[in-house]
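Novice: Got a structure for you, questions after.
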Amino acid sequence: MKGGTVQISWHEGKPILTLDFHPPSSTLATAGADFDIKFWSMKSAAGTQRKLPQVSYLNSLSYHSSAVNVIRFSLSGELLASGADGGELLIWKIHSTDTGVTWKVLKMLRSHHKDILDLQWSTDSTHIISGSVDNCCIIWDVNKGINLQKLDAHAHYVQGVAWDPLGKYAASLSSDRTCRIYINKPLKSKGIEKINYVCRHVISKAEQPLLKNSKSTKYHLFHDETLPSFFRRLAWSPDGSFLLVPSGSYKIGTASESVNAAYIFSRKDLSRPAIQLPCASKAVVAVRFCPIFFNLRGTNSAGLFKLPYRIIFAVATLNSLYIHDTESTPPIAILAGLHYAPITDIAWSSDARYLALSSQDGFSSLVEFENEELGSPFTILEGKVLEECNSPLQTSNDTVIVPTGYVGAVVAQSRKTKAGEKSDGMVIDSTGNARTAITESRKNVTDEKGDCIVIEATGSVGAGVLDIRKTEAQEKVEKEPLSLDSVKSGAEEKAKKQPNNNPDVKQTESGKQKQSSEGIKSGAEEKAVKQMASTKNTPISKKPTRKRITPIPIPIDP
């Protein structure tokens, strides 16, 4: 495994809000606050002295007149959908030319009145579901370019949408703290079936205690609108057996701090979570599945899933990335200290060779896996994956599985100081044994590593130590005095869309939030002022602080 943050100018230093790999070619597409969609070629670092894959700029698509929040390729790779501020939704089509390929706008879909935050294609590339700041989901017929159905039951921004690969369900996640599951009940008219999605489940609060010793009370399962991200990107597994939902938040007791988590919903019972995946101190904002299935390793007979193959998926918090599979209980890898601003999106290449993630700090990170490092591919014969996926999880209709082992370690992580959160090193823990990963000796080894990426393995993923250059943000802190202009982040540039209950924020006729001249300064400016004040008497230390995130085992309660 080789990986780290690629030090190139992706979008003129502006926030990168989304990325995706073109399925056949593994060309990486990125988009963000500069209004453009850019394409990049990947050149493997395998067999070379390079520590990162080489990224080369190819070309740009310039059509949007505002920030592009989400881009997604269709499964065939022939079409690209891009959603932006102001409700712009474009469909691009690839064309072959003598000099290569080019993308041209095929259709513009207009029904959303405000910013589009997420979208997903149906598996046959004929439909799209999109979510927006206008509190609605829309299902589109791409061929006809029309709005087929509007789902408007959410009370706040729709920040994530997902389409069941088997075509039966759809899901949406909103900052109103609810996840809605829709089922398709087609309407017949003149012998023709038309799509008709009806809300089947509204998941908002826990109906029973998630821990045996906690009081029986209802409480919210998801973060509210104060979550410092515009994205809650959820996803279905490629076989449709389960749904993975981010932005989870729950408390062990009334006096304890909230624990951030991602929830897994079994297809057999989509009314409540079947599994919780506790994460560290930051909220989960995006999840993404590897498109390839892998053969079982046979290393864990008591796993949480009953599948004939391994599914690998990535879970991104605001500042770290967890890689899980369905055969092992702890994460198989953890990547930390990646970026200086929130992570916004994740993408896998179609051959599972690359994993990419984007950030509001204007940079993207790449991880490259060696041949069969993740395992040997599993071939699924047609008809093997049944629509109802018989018992994909080890759960029953009346029991919620709650993996809560070492929850205390998760809570302890959430209490880390801000200095500890600003890690200069990136730590990748690849584990086959979580207990080994948390031993004191391994902590000492990590502490001895300075400004390097540490890849630790105990069985499942190859190991190595990679040196990386410091990011531009770190260099500015060491070499230049702080100023308000130099520390403005992508979050501030996106502040026009940020949910805000401040009484000094006025709502304009266009629906955008703007701060009055007497309003409170943005979080970025306040932070800059405090930093400038602290540097008057205290010199900036050039020794980077470090934070270690260790794998957290999540066994099943008996």
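Placed from the backbone N, Cα and C atoms, the Cβ positions cover glycine too.
Summarising the annotation, TrEMBL assigns domain 'CAF1B/HIR1 beta-propeller' to 1-374. Feature annotation from TrEMBL assigns region 'Disordered' to 474-558. Under the heading repeat 'WD', TrEMBL lists 16-50, 61-102, 109-150, 151-182.
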Novice: Could you tell me the mean pLDDT over the repeat 'WD' (16-50), as a whole number?
Specialist: 93
Novice: How do the residues of the repeat 'WD' (151-182) split into helix, strand and coil according to DSSP?
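Specialist: Grouping H, G, I as helix and E, B as strand yields 0 helix, 17 strand, 15 coil.
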Novice: Please count the residues of the repeat 'WD' (109-150) that DSSP assigns to helix (H, G, I), strand (E, B) and coil.
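Specialist: Result for the repeat 'WD' (109-150), in helix, strand, coil order: 0 helix, 23 strand, 19 coil.
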Novice: Count the residues of the repeat 'WD' (61-102) that DSSP assigns to helix (H, G, I), to strand (E, B) and to coil, and report the three numbers in that order.
Specialist: 3 helix, 25 strand, 14 coil
Novice: Take the repeat 'WD' (16-50) and count its residues per DSSP category (helix H/G/I, strand E/B, coil), listing them in that order.
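Specialist: Result for the repeat 'WD' (16-50), in helix, strand, coil order: 0 helix, 18 strand, 17 coil.
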